[in-house]
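A quick write-up on the structure given underneath.
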Amino acid sequence: MKTLLSLGTLALLGLNLQPAFAGTAADSYNLVEKGRYLAVLGDCTACHTVPGQAPFSGGVAIETPFGKLVGANITPDPETGLGRWSFEDFLAVMSTGHSRGGKRLYGAMPFTAYTKVRREDNLALWAYLQTLQPVHNPVETNQLPFPFSVRTSLIGWNWLNFTQGEFVPAPDKSAQWNRGAYLVEGLGHCGTCHTPKNLIGGDDNDHFLAGANLQGWVAPDITANSHSGIGQWSTEDLVQYLKTGANRFDIASGPMAEAVENSTQHWTDEDLLAVAVYLKDGAAGKASPAPVAATDAAMVAGKAIYADRCSACHVSSGAGVKNLFPTLAAAPLVNNDDPTSLIRVVLAGSRAGGTDAAPTTPAMPSFAWNLSDDNIADVLTYVRNTWGNAAAPVTTSQVADLRKELAQ
Ligand code: HEC
Ligand code: HEC
Ligand code: HEC
(Lines of atoms letter the chains of each structure in order from A; the text may use other names.)
(Lines give C-alpha, C1' and ligand atoms only; values in the text may rest on other atoms or scores of the structure.)
(Ligands and ions follow the chains in the order given, each with its own letter.)
Protein backbone atom coordinates (compact mmCIF):
# COMPACT_ATOMS: atom_id res chain seq x y z
CA MET A 1 0.00 0.00 0.00
CA LYS A 2 1.32 3.40 -0.96
CA THR A 3 -1.33 5.34 0.91
CA LEU A 4 0.29 6.88 3.94
CA LEU A 5 -2.46 9.18 5.03
CA SER A 6 -4.89 8.20 7.71
CA LEU A 7 -8.48 9.36 7.62
CA GLY A 8 -7.55 11.79 10.38
CA THR A 9 -5.06 13.47 8.11
CA LEU A 10 -7.67 13.59 5.41
CA ALA A 11 -10.03 15.41 7.72
CA LEU A 12 -7.24 17.84 8.44
CA LEU A 13 -6.72 18.39 4.78
CA GLY A 14 -10.45 18.64 4.18
CA LEU A 15 -10.87 22.37 4.57
CA ASN A 16 -11.13 23.97 1.20
CA LEU A 17 -10.07 20.99 -0.81
CA GLN A 18 -13.70 20.04 -1.40
CA PRO A 19 -15.02 19.12 -3.80
CA ALA A 20 -12.10 18.88 -6.22
CA PHE A 21 -10.17 16.57 -3.93
CA ALA A 22 -12.97 14.83 -2.14
CA GLY A 23 -11.71 11.70 -3.86
CA THR A 24 -9.85 8.71 -2.53
CA ALA A 25 -6.99 8.45 -0.10
CA ALA A 26 -4.77 7.81 -3.11
CA ASP A 27 -5.78 11.20 -4.52
CA SER A 28 -4.76 12.97 -1.36
CA TYR A 29 -1.54 11.00 -1.17
CA ASN A 30 -0.73 12.21 -4.67
CA LEU A 31 -1.64 15.74 -3.68
CA VAL A 32 0.71 15.67 -0.70
CA GLU A 33 3.54 14.18 -2.77
CA LYS A 34 3.03 16.87 -5.37
CA GLY A 35 3.15 19.48 -2.61
CA ARG A 36 6.36 18.01 -1.24
CA TYR A 37 8.00 18.41 -4.65
CA LEU A 38 6.64 21.94 -5.03
CA ALA A 39 8.19 22.85 -1.66
CA VAL A 40 11.51 21.63 -3.08
CA LEU A 41 11.02 23.71 -6.22
CA GLY A 42 10.33 26.72 -4.02
CA ASP A 43 13.26 25.93 -1.68
CA CYS A 44 11.08 26.76 1.33
CA THR A 45 13.66 24.92 3.45
CA ALA A 46 16.32 27.55 2.76
CA CYS A 47 14.59 30.11 4.97
CA HIS A 48 12.23 28.03 7.09
CA THR A 49 14.43 25.14 8.32
CA VAL A 50 17.50 25.63 10.48
CA PRO A 51 19.83 22.75 9.58
CA GLY A 52 19.56 20.04 12.22
CA GLN A 53 16.22 21.34 13.56
CA ALA A 54 12.68 20.16 12.86
CA PRO A 55 11.68 20.79 9.22
CA PHE A 56 9.98 24.14 8.59
CA SER A 57 9.97 25.14 12.27
CA GLY A 58 11.48 28.53 11.36
CA GLY A 59 14.35 30.54 12.78
CA VAL A 60 16.66 30.98 9.76
CA ALA A 61 18.19 34.46 9.80
CA ILE A 62 18.14 36.25 6.45
CA GLU A 63 20.48 39.21 6.08
CA THR A 64 19.11 42.07 4.00
CA PRO A 65 20.67 45.47 3.26
CA PHE A 66 18.19 46.87 5.78
CA GLY A 67 18.79 44.41 8.62
CA LYS A 68 17.77 40.93 9.71
CA LEU A 69 14.55 39.02 9.00
CA VAL A 70 13.86 35.51 10.22
CA GLY A 71 11.94 32.74 8.45
CA ALA A 72 8.64 31.94 10.18
CA ASN A 73 7.53 28.66 11.76
CA ILE A 74 5.27 27.17 9.07
CA THR A 75 4.53 23.83 10.72
CA PRO A 76 0.87 23.22 11.70
CA ASP A 77 1.43 24.17 15.35
CA PRO A 78 -1.71 26.06 16.50
CA GLU A 79 0.11 28.59 18.71
CA THR A 80 3.36 29.35 16.89
CA GLY A 81 2.79 28.02 13.37
CA LEU A 82 -0.01 27.77 10.83
CA GLY A 83 -2.22 25.38 12.84
CA ARG A 84 -5.21 27.73 12.86
CA TRP A 85 -4.83 28.90 9.28
CA SER A 86 -7.19 28.15 6.40
CA PHE A 87 -6.07 27.51 2.85
CA GLU A 88 -7.25 31.03 1.99
CA ASP A 89 -4.90 32.47 4.64
CA PHE A 90 -2.01 30.57 3.08
CA LEU A 91 -3.00 31.55 -0.44
CA ALA A 92 -3.00 35.22 0.62
CA VAL A 93 0.64 34.92 1.75
CA MET A 94 1.75 33.29 -1.47
CA SER A 95 -0.13 35.52 -3.85
CA THR A 96 -0.39 38.89 -2.10
CA GLY A 97 2.22 38.91 0.68
CA HIS A 98 -0.45 39.49 3.33
CA SER A 99 -0.25 37.29 6.38
CA ARG A 100 -3.22 36.11 8.44
CA GLY A 101 -5.00 39.14 9.87
CA GLY A 102 -3.76 41.36 7.05
CA LYS A 103 -0.19 41.94 8.25
CA ARG A 104 2.09 42.82 5.32
CA LEU A 105 5.08 40.57 4.86
CA TYR A 106 8.53 41.67 3.85
CA GLY A 107 9.87 40.78 0.42
CA ALA A 108 12.47 38.50 2.05
CA MET A 109 9.60 36.02 1.81
CA PRO A 110 9.69 35.90 -2.01
CA PHE A 111 5.95 36.39 -2.57
CA THR A 112 6.78 38.76 -5.43
CA ALA A 113 7.76 35.58 -7.31
CA TYR A 114 5.40 33.13 -5.58
CA THR A 115 2.44 35.25 -6.68
CA LYS A 116 2.83 33.47 -10.03
CA VAL A 117 2.13 30.05 -8.48
CA ARG A 118 -1.15 28.56 -9.69
CA ARG A 119 -3.96 27.98 -7.24
CA GLU A 120 -3.87 24.20 -7.80
CA ASP A 121 -0.17 24.16 -6.90
CA ASN A 122 -0.85 26.21 -3.78
CA LEU A 123 -3.50 23.63 -2.82
CA ALA A 124 -0.88 20.89 -3.05
CA LEU A 125 1.71 22.90 -1.11
CA TRP A 126 -0.83 23.58 1.59
CA ALA A 127 -1.82 19.91 1.75
CA TYR A 128 1.84 19.01 2.21
CA LEU A 129 2.52 21.65 4.89
CA GLN A 130 -0.46 20.27 6.84
CA THR A 131 1.20 16.87 7.08
CA LEU A 132 4.32 18.24 8.80
CA GLN A 133 5.04 17.50 12.42
CA PRO A 134 3.66 20.51 14.40
CA VAL A 135 6.50 22.15 16.30
CA HIS A 136 6.03 24.66 19.09
CA ASN A 137 8.65 27.30 18.30
CA PRO A 138 7.81 30.99 18.66
CA VAL A 139 9.75 33.03 16.07
CA GLU A 140 9.96 36.83 15.91
CA THR A 141 10.41 37.25 12.16
CA ASN A 142 10.84 41.00 12.16
CA GLN A 143 14.24 41.90 13.63
CA LEU A 144 14.83 44.94 11.47
CA PRO A 145 15.92 48.19 13.08
CA PHE A 146 13.54 51.16 13.11
CA PRO A 147 12.21 52.55 10.72
CA PHE A 148 12.37 49.45 8.51
CA SER A 149 10.66 47.45 11.26
CA VAL A 150 7.41 49.36 10.67
CA ARG A 151 5.29 47.17 8.45
CA THR A 152 3.16 50.06 7.17
CA SER A 153 6.30 51.26 5.36
CA LEU A 154 5.63 48.26 3.12
CA ILE A 155 2.52 49.83 1.64
CA GLY A 156 4.61 52.07 -0.59
CA TRP A 157 7.10 49.27 -1.20
CA ASN A 158 4.44 46.91 -2.50
CA TRP A 159 2.95 49.57 -4.67
CA LEU A 160 6.31 50.20 -6.31
CA ASN A 161 7.68 46.69 -6.55
CA PHE A 162 4.93 44.21 -6.80
CA THR A 163 2.67 43.01 -9.57
CA GLN A 164 0.24 40.48 -8.19
CA GLY A 165 -1.08 37.64 -10.29
CA GLU A 166 -0.72 34.04 -11.42
CA PHE A 167 1.61 33.12 -14.24
CA VAL A 168 0.12 33.72 -17.68
CA PRO A 169 1.55 31.37 -20.33
CA ALA A 170 2.87 32.94 -23.53
CA PRO A 171 0.64 31.55 -26.31
CA ASP A 172 3.41 31.73 -28.94
CA LYS A 173 5.82 29.58 -26.88
CA SER A 174 6.06 25.82 -26.36
CA ALA A 175 4.69 24.04 -23.29
CA GLN A 176 8.29 23.30 -22.28
CA TRP A 177 9.27 26.99 -22.47
CA ASN A 178 6.21 27.96 -20.45
CA ARG A 179 7.01 25.37 -17.80
CA GLY A 180 10.52 26.85 -17.56
CA ALA A 181 9.17 30.39 -17.30
CA TYR A 182 6.68 29.29 -14.62
CA LEU A 183 9.49 27.74 -12.57
CA VAL A 184 12.09 30.51 -12.96
CA GLU A 185 9.70 33.43 -12.46
CA GLY A 186 7.53 31.67 -9.88
CA LEU A 187 8.44 28.99 -7.35
CA GLY A 188 12.13 28.90 -8.32
CA HIS A 189 12.34 32.64 -7.44
CA CYS A 190 15.65 32.89 -9.32
CA GLY A 191 15.16 36.65 -9.64
CA THR A 192 15.28 37.11 -5.87
CA CYS A 193 19.04 36.74 -6.16
CA HIS A 194 19.77 37.25 -9.88
CA THR A 195 17.76 40.42 -10.59
CA PRO A 196 19.41 43.72 -9.66
CA LYS A 197 17.71 45.66 -6.87
CA ASN A 198 16.55 49.25 -6.92
CA LEU A 199 17.32 51.64 -4.08
CA ILE A 200 14.55 50.39 -1.82
CA GLY A 201 15.45 46.75 -2.27
CA GLY A 202 12.82 45.83 -4.85
CA ASP A 203 13.54 43.94 -8.06
CA ASP A 204 14.51 46.06 -11.03
CA ASN A 205 12.39 44.04 -13.45
CA ASP A 206 13.58 45.91 -16.53
CA HIS A 207 16.76 43.94 -15.96
CA PHE A 208 15.26 40.59 -14.99
CA LEU A 209 18.04 38.05 -14.15
CA ALA A 210 20.77 40.48 -15.27
CA GLY A 211 22.86 39.88 -12.16
CA ALA A 212 22.96 41.38 -8.66
CA ASN A 213 25.14 41.96 -5.66
CA LEU A 214 23.95 40.00 -2.63
CA GLN A 215 25.42 40.28 0.85
CA GLY A 216 29.04 39.65 -0.07
CA TRP A 217 28.19 37.54 -3.15
CA VAL A 218 27.50 38.25 -6.77
CA ALA A 219 24.66 36.40 -8.45
CA PRO A 220 25.76 36.67 -12.10
CA ASP A 221 23.78 37.63 -15.17
CA ILE A 222 21.88 34.48 -16.22
CA THR A 223 20.11 35.97 -19.22
CA ALA A 224 20.83 34.56 -22.68
CA ASN A 225 23.23 37.42 -23.33
CA SER A 226 26.20 35.70 -24.94
CA HIS A 227 28.57 38.24 -23.49
CA SER A 228 27.59 38.95 -19.90
CA GLY A 229 25.12 36.07 -19.47
CA ILE A 230 24.90 32.33 -20.09
CA GLY A 231 24.52 32.66 -23.88
CA GLN A 232 27.54 30.44 -24.50
CA TRP A 233 26.25 27.68 -22.25
CA SER A 234 24.32 24.87 -23.91
CA THR A 235 21.09 23.60 -22.35
CA GLU A 236 23.11 20.54 -21.22
CA ASP A 237 25.63 22.85 -19.48
CA LEU A 238 22.80 24.55 -17.61
CA VAL A 239 21.12 21.30 -16.61
CA GLN A 240 24.45 19.91 -15.42
CA TYR A 241 25.16 23.02 -13.32
CA LEU A 242 21.74 23.00 -11.68
CA LYS A 243 21.83 19.21 -11.16
CA THR A 244 25.39 18.91 -9.80
CA GLY A 245 26.58 22.43 -8.93
CA ALA A 246 29.38 22.37 -11.50
CA ASN A 247 30.01 22.28 -15.22
CA ARG A 248 32.83 23.11 -17.60
CA PHE A 249 32.35 26.84 -16.96
CA ASP A 250 31.80 27.25 -13.26
CA ILE A 251 31.48 25.71 -9.83
CA ALA A 252 28.61 26.91 -7.65
CA SER A 253 29.66 28.49 -4.39
CA GLY A 254 27.93 30.32 -1.55
CA PRO A 255 24.17 30.88 -1.87
CA MET A 256 24.01 29.06 -5.23
CA ALA A 257 25.73 25.98 -3.79
CA GLU A 258 22.99 25.99 -1.15
CA ALA A 259 20.26 26.44 -3.75
CA VAL A 260 21.63 23.44 -5.67
CA GLU A 261 21.92 21.35 -2.53
CA ASN A 262 18.45 22.09 -1.11
CA SER A 263 16.59 22.56 -4.29
CA THR A 264 17.70 22.24 -7.91
CA GLN A 265 19.57 18.93 -7.58
CA HIS A 266 16.22 17.37 -6.64
CA TRP A 267 14.31 18.81 -9.62
CA THR A 268 13.29 16.36 -12.32
CA ASP A 269 15.44 16.38 -15.45
CA GLU A 270 12.36 17.45 -17.35
CA ASP A 271 11.96 20.56 -15.18
CA LEU A 272 15.68 21.42 -15.37
CA LEU A 273 15.59 21.14 -19.13
CA ALA A 274 12.52 23.39 -19.25
CA VAL A 275 14.40 25.99 -17.18
CA ALA A 276 17.40 25.76 -19.52
CA VAL A 277 15.22 26.12 -22.61
CA TYR A 278 13.54 29.18 -21.13
CA LEU A 279 16.78 30.85 -20.00
CA LYS A 280 18.51 30.21 -23.33
CA ASP A 281 15.64 31.73 -25.25
CA GLY A 282 15.83 35.22 -23.73
CA ALA A 283 16.75 38.16 -25.90
CA ALA A 284 20.43 37.98 -26.82
CA GLY A 285 20.60 41.46 -25.33
CA LYS A 286 22.98 44.27 -25.92
CA ALA A 287 25.76 43.90 -28.46
CA SER A 288 29.23 43.14 -27.09
CA PRO A 289 31.49 46.15 -26.84
CA ALA A 290 34.73 46.05 -28.84
CA PRO A 291 37.62 44.78 -26.72
CA VAL A 292 40.34 47.20 -25.60
CA ALA A 293 43.28 46.91 -28.05
CA ALA A 294 46.09 44.56 -27.02
CA THR A 295 48.57 47.40 -27.60
CA ASP A 296 46.90 49.66 -25.02
CA ALA A 297 49.33 50.51 -22.19
CA ALA A 298 47.05 49.00 -19.51
CA MET A 299 46.73 45.79 -21.56
CA VAL A 300 50.50 45.44 -21.95
CA ALA A 301 51.11 46.01 -18.24
CA GLY A 302 48.18 43.75 -17.32
CA LYS A 303 49.46 40.91 -19.49
CA ALA A 304 52.77 40.85 -17.62
CA ILE A 305 51.07 40.90 -14.21
CA TYR A 306 48.74 38.09 -15.31
CA ALA A 307 51.64 35.91 -16.44
CA ASP A 308 53.45 36.54 -13.19
CA ARG A 309 50.63 36.34 -10.60
CA CYS A 310 47.60 34.62 -12.08
CA SER A 311 48.57 32.15 -14.79
CA ALA A 312 49.84 29.52 -12.33
CA CYS A 313 46.22 28.78 -11.46
CA HIS A 314 44.03 30.26 -14.18
CA VAL A 315 46.57 29.21 -16.88
CA SER A 316 47.82 31.35 -19.75
CA SER A 317 44.83 30.65 -22.00
CA GLY A 318 42.49 31.84 -19.20
CA ALA A 319 40.74 28.47 -19.32
CA GLY A 320 41.42 27.53 -15.69
CA VAL A 321 41.61 23.93 -14.49
CA LYS A 322 38.44 21.89 -14.36
CA ASN A 323 36.93 21.70 -10.84
CA LEU A 324 39.87 23.62 -9.35
CA PHE A 325 40.38 27.03 -10.88
CA PRO A 326 37.53 28.74 -12.69
CA THR A 327 37.87 29.79 -16.30
CA LEU A 328 38.26 33.52 -16.87
CA ALA A 329 37.65 33.14 -20.62
CA ALA A 330 34.03 33.63 -21.71
CA ALA A 331 32.98 33.95 -18.06
CA PRO A 332 29.85 36.07 -17.56
CA LEU A 333 31.15 37.50 -14.29
CA VAL A 334 34.34 38.68 -16.02
CA ASN A 335 32.38 40.45 -18.77
CA ASN A 336 29.87 42.05 -16.45
CA ASP A 337 29.45 45.80 -16.97
CA ASP A 338 30.02 46.28 -13.27
CA PRO A 339 33.54 45.11 -12.33
CA THR A 340 32.95 45.45 -8.57
CA SER A 341 32.90 41.73 -7.84
CA LEU A 342 36.06 41.11 -9.87
CA ILE A 343 37.94 43.81 -8.01
CA ARG A 344 36.62 42.38 -4.77
CA VAL A 345 37.83 38.87 -5.60
CA VAL A 346 41.33 40.09 -6.40
CA LEU A 347 41.55 42.36 -3.36
CA ALA A 348 39.95 40.06 -0.83
CA GLY A 349 40.39 36.58 -2.30
CA SER A 350 37.65 33.99 -2.16
CA ARG A 351 37.07 30.42 -1.14
CA ALA A 352 34.51 28.37 -3.06
CA GLY A 353 31.79 27.22 -0.67
CA GLY A 354 32.31 30.12 1.70
CA THR A 355 33.78 29.82 5.17
CA ASP A 356 32.30 26.33 5.60
CA ALA A 357 34.34 24.89 2.76
CA ALA A 358 36.86 22.23 3.56
CA PRO A 359 40.31 23.76 4.14
CA THR A 360 41.58 21.70 1.20
CA THR A 361 39.30 23.53 -1.26
CA PRO A 362 41.53 25.63 -3.48
CA ALA A 363 41.18 29.31 -2.69
CA MET A 364 41.71 32.48 -4.62
CA PRO A 365 44.45 34.36 -2.73
CA SER A 366 44.06 38.01 -1.70
CA PHE A 367 46.30 40.40 -3.64
CA ALA A 368 45.46 43.50 -1.58
CA TRP A 369 48.92 43.53 0.00
CA ASN A 370 51.15 42.95 -3.02
CA LEU A 371 49.39 44.56 -6.00
CA SER A 372 48.79 48.34 -6.23
CA ASP A 373 45.53 49.90 -7.38
CA ASP A 374 47.16 50.49 -10.79
CA ASN A 375 48.33 46.86 -11.01
CA ILE A 376 44.87 45.50 -10.22
CA ALA A 377 43.16 47.87 -12.67
CA ASP A 378 45.62 46.78 -15.39
CA VAL A 379 45.40 43.03 -14.80
CA LEU A 380 41.61 43.13 -14.71
CA THR A 381 41.45 45.29 -17.83
CA TYR A 382 43.60 42.62 -19.49
CA VAL A 383 41.46 39.73 -18.21
CA ARG A 384 38.28 41.51 -19.35
CA ASN A 385 39.61 42.04 -22.87
CA THR A 386 41.48 38.85 -23.77
CA TRP A 387 40.42 35.32 -24.86
CA GLY A 388 37.19 36.58 -26.44
CA ASN A 389 36.21 38.72 -23.45
CA ALA A 390 35.34 42.37 -23.98
CA ALA A 391 34.33 44.86 -21.31
CA ALA A 392 35.02 48.39 -20.15
CA PRO A 393 38.52 48.87 -18.69
CA VAL A 394 38.80 48.91 -14.90
CA THR A 395 40.04 52.24 -13.55
CA THR A 396 42.51 52.87 -10.75
CA SER A 397 39.91 54.90 -8.86
CA GLN A 398 37.39 52.03 -8.98
CA VAL A 399 39.99 49.82 -7.26
CA ALA A 400 40.95 52.54 -4.78
CA ASP A 401 37.30 53.11 -3.82
CA LEU A 402 36.63 49.43 -3.17
CA ARG A 403 39.90 49.05 -1.27
CA LYS A 404 38.75 51.84 1.06
CA GLU A 405 35.31 50.26 1.45
CA LEU A 406 36.75 46.82 2.25
CA ALA A 407 39.13 48.33 4.80
CA GLN A 408 36.16 49.58 6.85
C1 HEC B 1 14.39 33.61 0.86
C2 HEC B 1 13.77 33.21 2.10
C3 HEC B 1 12.40 32.54 2.07
C4 HEC B 1 11.96 31.51 1.26
C5 HEC B 1 12.73 30.83 0.14
C6 HEC B 1 10.63 31.20 1.69
N7 HEC B 1 10.26 32.00 2.73
FE8 HEC B 1 8.44 32.00 3.67
N9 HEC B 1 9.06 33.58 4.84
C10 HEC B 1 10.33 34.13 4.84
C11 HEC B 1 10.39 35.20 5.83
C12 HEC B 1 11.61 36.06 6.15
C13 HEC B 1 9.11 35.28 6.42
C14 HEC B 1 8.66 36.28 7.46
C15 HEC B 1 8.38 37.59 6.73
C16 HEC B 1 7.79 38.67 7.60
O17 HEC B 1 7.56 38.45 8.80
O18 HEC B 1 7.51 39.76 7.04
C19 HEC B 1 8.30 34.25 5.75
C20 HEC B 1 6.95 34.02 6.02
C21 HEC B 1 6.19 32.98 5.48
C22 HEC B 1 4.81 32.71 5.81
C23 HEC B 1 3.95 33.56 6.75
C24 HEC B 1 4.08 33.10 8.15
C25 HEC B 1 3.35 34.00 9.13
O26 HEC B 1 3.21 33.57 10.29
O27 HEC B 1 2.96 35.11 8.77
C28 HEC B 1 4.45 31.57 5.12
C29 HEC B 1 3.09 30.88 5.17
C30 HEC B 1 5.59 31.16 4.36
N31 HEC B 1 6.63 32.04 4.60
C32 HEC B 1 5.61 30.05 3.53
C33 HEC B 1 6.66 29.75 2.65
C34 HEC B 1 6.63 28.67 1.68
C35 HEC B 1 5.49 27.69 1.51
C36 HEC B 1 7.81 28.72 1.00
C37 HEC B 1 8.25 27.87 -0.17
C38 HEC B 1 7.34 27.80 -1.29
C39 HEC B 1 8.58 29.83 1.56
N40 HEC B 1 7.86 30.42 2.56
C41 HEC B 1 9.85 30.19 1.13
C42 HEC B 1 11.38 33.77 4.02
C43 HEC B 1 11.32 32.83 3.00
C1 HEC C 1 19.87 32.53 -2.80
C2 HEC C 1 20.29 33.22 -3.97
C3 HEC C 1 20.15 32.51 -5.31
C4 HEC C 1 19.03 31.90 -5.85
C5 HEC C 1 17.65 31.76 -5.23
C6 HEC C 1 19.43 31.43 -7.15
N7 HEC C 1 20.73 31.73 -7.41
FE8 HEC C 1 21.81 31.18 -9.06
N9 HEC C 1 23.49 31.98 -8.24
C10 HEC C 1 23.56 32.67 -7.05
C11 HEC C 1 24.93 33.06 -6.80
C12 HEC C 1 25.46 33.83 -5.59
C13 HEC C 1 25.69 32.58 -7.90
C14 HEC C 1 27.20 32.70 -8.11
C15 HEC C 1 27.83 31.46 -7.53
C16 HEC C 1 29.33 31.46 -7.65
O17 HEC C 1 29.94 32.53 -7.76
O18 HEC C 1 29.89 30.36 -7.62
C19 HEC C 1 24.74 31.91 -8.79
C20 HEC C 1 25.09 31.29 -9.99
C21 HEC C 1 24.20 30.77 -10.90
C22 HEC C 1 24.55 30.26 -12.20
C23 HEC C 1 25.95 30.22 -12.79
C24 HEC C 1 26.17 31.47 -13.62
C25 HEC C 1 27.60 31.68 -14.01
O26 HEC C 1 27.83 32.56 -14.84
O27 HEC C 1 28.50 31.02 -13.49
C28 HEC C 1 23.40 29.83 -12.79
C29 HEC C 1 23.24 29.22 -14.17
C30 HEC C 1 22.33 30.07 -11.85
N31 HEC C 1 22.84 30.63 -10.70
C32 HEC C 1 21.00 29.77 -12.09
C33 HEC C 1 19.99 29.92 -11.17
C34 HEC C 1 18.61 29.54 -11.39
C35 HEC C 1 18.07 28.93 -12.68
C36 HEC C 1 17.93 29.82 -10.25
C37 HEC C 1 16.47 29.55 -9.93
C38 HEC C 1 16.05 28.19 -10.07
C39 HEC C 1 18.89 30.38 -9.30
N40 HEC C 1 20.11 30.45 -9.90
C41 HEC C 1 18.55 30.79 -8.01
C42 HEC C 1 22.50 32.92 -6.17
C43 HEC C 1 21.21 32.40 -6.31
C1 HEC D 1 46.56 29.97 -6.10
C2 HEC D 1 45.67 29.91 -7.21
C3 HEC D 1 45.13 31.22 -7.77
C4 HEC D 1 45.83 32.34 -8.17
C5 HEC D 1 47.33 32.57 -8.14
C6 HEC D 1 44.84 33.26 -8.68
N7 HEC D 1 43.59 32.72 -8.57
FE8 HEC D 1 41.86 33.60 -9.14
N9 HEC D 1 40.80 32.04 -8.36
C10 HEC D 1 41.35 30.92 -7.78
C11 HEC D 1 40.27 30.09 -7.26
C12 HEC D 1 40.40 28.77 -6.54
C13 HEC D 1 39.07 30.76 -7.55
C14 HEC D 1 37.64 30.32 -7.20
C15 HEC D 1 37.27 30.93 -5.86
C16 HEC D 1 35.81 30.80 -5.53
O17 HEC D 1 35.00 30.36 -6.36
O18 HEC D 1 35.47 31.19 -4.39
C19 HEC D 1 39.45 31.99 -8.24
C20 HEC D 1 38.54 32.92 -8.71
C21 HEC D 1 38.87 34.03 -9.45
C22 HEC D 1 37.90 34.92 -10.05
C23 HEC D 1 36.39 34.77 -9.99
C24 HEC D 1 35.95 33.92 -11.17
C25 HEC D 1 34.53 33.40 -11.09
O26 HEC D 1 33.94 33.16 -12.16
O27 HEC D 1 33.99 33.19 -9.97
C28 HEC D 1 38.62 35.90 -10.70
C29 HEC D 1 38.05 37.05 -11.51
C30 HEC D 1 40.02 35.61 -10.49
N31 HEC D 1 40.13 34.47 -9.73
C32 HEC D 1 41.04 36.39 -10.99
C33 HEC D 1 42.37 36.19 -10.67
C34 HEC D 1 43.43 37.12 -11.01
C35 HEC D 1 43.22 38.40 -11.80
C36 HEC D 1 44.58 36.60 -10.49
C37 HEC D 1 45.96 37.23 -10.51
C38 HEC D 1 46.06 38.58 -9.98
C39 HEC D 1 44.23 35.35 -9.84
N40 HEC D 1 42.89 35.14 -9.96
C41 HEC D 1 45.15 34.52 -9.20
C42 HEC D 1 42.70 30.62 -7.69
C43 HEC D 1 43.73 31.49 -8.00
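Glycine is no exception: its Cβ is also placed from the backbone N, Cα and C atoms.
Unlike curated records, TrEMBL annotations are generated automatically.
As given in TrEMBL:
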- C44, C47, H48: heme c 1 binding site (BINDING)
- C190, C193, H194: heme c 2 binding site (BINDING)
- C310, C313, H314: heme c 3 binding site (BINDING)
- 30-133: domain 'Cytochrome c' (DOMAIN)
- 175-283: domain 'Cytochrome c' (DOMAIN)
- 297-387: domain 'Cytochrome c' (DOMAIN)
- 1-22: signal peptide (SIGNAL)
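Just so you know, of the binding-site residues H48, H194, H314, the Cβ with the fewest other Cβ atoms around it within 10 Å is the one at H314. Apart from C44, C47, H48, the heme c 1 site neighbourhood in this chain, defined by C-beta within 8 angstroms of the site C-beta centre, holds D43, T45, A46, T49, F56, V60, G71, I74. Note: the heme c 2 site is recorded as C190, C193, H194; in the same chain, H189, G191, T192, T195, L209, A212, A219, I222 also have Cβ atoms within 8 Å of that site's Cβ centroid. Taking DSSP states H, G and I as helix and E and B as strand, the domain 'Cytochrome c' (297-387) has 45 helix, 6 strand, 40 coil. Shown are the binding-site residues C190, C193, C313; of these, the residue with the fewest other Cβ atoms within 10 Å is C313. Annotated pair C44 (heme c 1 binding site) and C310 (heme c 3 binding site), C-alpha to C-alpha distance, rounded: 40 Å.
On the backbone, the CA of H48 (heme c 1 binding site) and the CA of C310 (heme c 3 binding site) stand 41 Å apart. Taking only the Cα positions, the spacing between H314 (heme c 3 binding site) and H194 (heme c 2 binding site) is 26 angstrom.
For the domain 'Cytochrome c' (30-133), the mean pLDDT of the prediction comes to 94. Counting in whole angstrom, C193 (heme c 2 binding site) lies 14 from C47 (heme c 1 binding site) by their C-alpha atoms. C313 (heme c 3 binding site) sits 36 Å from C47 (heme c 1 binding site), taking the CA atoms of both as reference points.
Cα of C310 (heme c 3 binding site) to Cα of H194 (heme c 2 binding site): a distance of 28 Å. Taking the centroid of the Cβ atoms of C310, C313, H314 as the heme c 3 site, the other same-chain residues with Cβ within 8 Å of it are Y306, R309, S311, A312, V315, G320, F325, L328. Here the domain 'Cytochrome c' (30-133) has, by DSSP, the following mix of helix, strand and coil residues: 46 helix, 10 strand, 48 coil.
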